[in-house]
């Protein structure tokens, strides 16, 4: 029998509502906005086709393989309530379509060409179900939450961080001084800003040396293990690894990477190096809002978070529910759970479309940062719990008396909140009172409370269900 040339509807091949999903399938939930006149079944089938085996016309080489075995299948469609002409389309992909241990390949398939497809007005990948058969091919985070706590010898509370500001323009020596003051004051970590790489005013090697000196000095004086996220992000993978090697030689505990601008291949490479050499890996998500901020087009951050857990990172910025950078509470807590927990049940009220079983892949600490200060501490402690990093940049360095008192204020506020919680007090209701009580015996905290008592960033969150 000759093959039948020509263009035929995608839905004839790729829309299979009777399909029963397999445990090994990768499942995707897309928010699809078809062009006017395109039925949802055709749009859903087109997404399945273009992100797996299909092309725009029938080709004779289709006969050389088993399409039934390899094709993506649109198996369910539901309308989005309250939105006109918007659908959630569920697609199942056979596992054979993906290279083992490669987030890069997974994304190239699932969100490659299909987002430019003309029959769709807009397309957003809302969630992915990664089957254990696939997640087991990834190393995941270099160390994970428990190993990190054991390395740092810090338990029972969130960790405190601070991004050194101004983010660009300081010399290496002045930068190191700021790091020392913050760590000496009581923070656990300080952080390179995501755009600090190796610029003319401060080359990476000088920064690494002065930060290591600051770290060891603060450690000796406080008796606590300290860290500074040394940003190893670079223009090439080789240069990035060179920086990570130097960090290891200095004996520091943690390095950092910008995983979206650096790319998943570079990130996974660095993650492997970090596990092999005992370095923790802090991940910044610079550029994420370009991809995830539009409600009807792009990729939701919960997918980028899952991808990071597979690719590898011990911390990742996860947005906050208070402060200057947006995050909607239930949705944020949904992907915070996806980062930390072993098994996360489907829960549409939190934007989780699939039950995700990570089969003991190490967890990632969510990092809350962006416009937060001491008055937010009770809310942050309650919302994020112990397994998190709370990062105050301006909220430390903006203290009227300087960096070290700023760090003291944050540490006192945190310890007060943790103690109050452990005594059974309600942080949501009594938060301000707890901070006020603590500030009576901490002049540093009292000064911080005075400076930031009126500051609010109140805008509508873009990211709603």
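Residue numbers in this text run from 1 along the chain shown.
Every residue gets a Cβ built from N, Cα and C, even glycine.
Per Swiss-Prot, substrate is bound by 163, 167, 317, 369; the candidate from 129, 203, 205, 285 named for the same site is 285. When the Cα atoms are compared, residue 284 (active site, proton acceptor) and residue 191 (Mg(2+) binding site) turn out to be 10 Å apart. Compute the center of the Cβ atoms of 191, 193, 194, which mark the site for Mg(2+); besides them, the chain residues with Cβ within 8 Å of that center are 163, 164, 167, 192, 195, 196, 229, 231, 256, 284. Around residue 165 (active site, proton acceptor), the same-chain residues six or more apart in sequence whose CB sits under 8 Å from its CB are 193, 393, 394, 397, listed in sequence order. All protein chains included, residue 284 (active site, proton acceptor) registers 28 other Cβ atoms within 10 Å of its own Cβ. Long-range neighbours of residue 4 (N6,N6,N6-trimethyllysine) (same chain, six or more residues apart, CB within less than 8 Å of its CB): 58. According to DSSP, residue 284 (active site, proton acceptor) sits within a strand segment.
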